[in-house]
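Colleague: Here it is, the structure, as structure tokens.
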Amino acid sequence: MAAAAAAAAGDSDSWDADAFSVEDPVRKVGGGGTAGGDRWEGEDEDEDVKDNWDDDDDEKKEEAEVKPEVKISEKKKIAEKIKEKERQQKKRQEEIKKRLEEPEEPKVLTPEEQLADKLRLKKLQEESDLELAKETFGVNNTVYGIDAMNPSSRDDFTEFGKLLKDKITQYEKSLYYASFLEVLVRDVCISLEIDDLKKITNSLTVLCSEKQKQEKQSKAKKKKKGVVPGGGLKATMKDDLADYGGYDGGYVQDYEDFM
């Protein structure tokens with residue numbers, strides 16, 4: 001019996017040992033082993049990458065929220081520019097209005113000069129309004145020819161004068177051309193000094209004298225052509241008949257005998 005009990009106790013101890021030995025590998029694998037630790041470390045890195053993606057999304061949202069603020073600031077700048085232009089335009093209009101109501105120089109002007117001065121100031125006001133509208137809406141028209149010129153030197157004004165002359169003289173056949181020039185010259189000379197006006201007047205006087213000489217010479221030539229030597233109408237008729245003498249010489253001879 002003692003032997004059987006000892007054998008049974010031995011079997012029980014061996015079973016416990018086997019059970020303990022089986023649990024050890026499981027504990028080693030499930031514990032802090034190298035392979036298990038590496039796998040979890042990789043998963044931790046994946047979680048870090050996910051956090052970075054969230055950061056990118058947050059940055060994009062922040063940028064999207066910042067952009068409207070920039071647009072608002074730009075609109076404010078544009079509005080301020082427009083207000084400044086309006087203030088300048090209002091100031092110009094007040095100055096022009098003041099000049100229209102009260103002339104700066106206390107001088108006596110003829111009704112024509114007063115009208116020309118008012119028209120000139122009105123034109124300046126219209127040009128100022130147009131310029132303000134262009135600047136407000138960002139209009140930039142490309143112009144050529146006379147409108148594109150901005151003369152400053154003598155050569156520039158010479159070229160400008162040629163283009164202007166070609167532009168105006170193309171209407172010289174019009175019935176209203178002379179009266180148009182009269183008004184134009186007076187309007188463009190209204191702001192000149194007396195000495196400059198005298199120079200222009202002298203130049204026009206010389207031109208008028210030359211035109212008169214040419215007209216007299218032309219009339220003298222016409223009178224010479226109208227004089228018929230040797231008998232007036234009789235000689236003229238004789239010459240006309242002589243033109244037919246080549247075909248039949250009897251016409252001229254019969255005419256002389258008859259006379």
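Cβ from N, Cα, C; glycine included.
Just lifted these from Swiss-Prot, have a look:
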REGION    1-111  region 'Disordered'
MOD_RES   Ser12  phosphoserine
MOD_RES   Ser14  phosphoserine
MOD_RES   Ser21  phosphoserine
COMPBIAS  41-60  compositional bias 'Acidic residues'
COILED    71-136  coiled coil
MOD_RES   Thr110  phosphothreonine
MOD_RES   Ser128  phosphoserine
REGION    218-247  region 'Disordered'
MOD_RES   Tyr255  phosphotyrosine
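I'm curious about the neighbourhood of these features; can you describe it?
Modeller: Cβ neighbours of Thr110 (phosphothreonine) (same chain, under 8 Å, six or more residues apart in sequence): none.
The Cβ of Ser128 (phosphoserine) lies under 8 Å from the Cβ of Gln89, Arg92, Gln93, Ile96, each on the same chain and at least six residues away in sequence. In the three-state DSSP classification, Ser128 (phosphoserine) falls within a helix.
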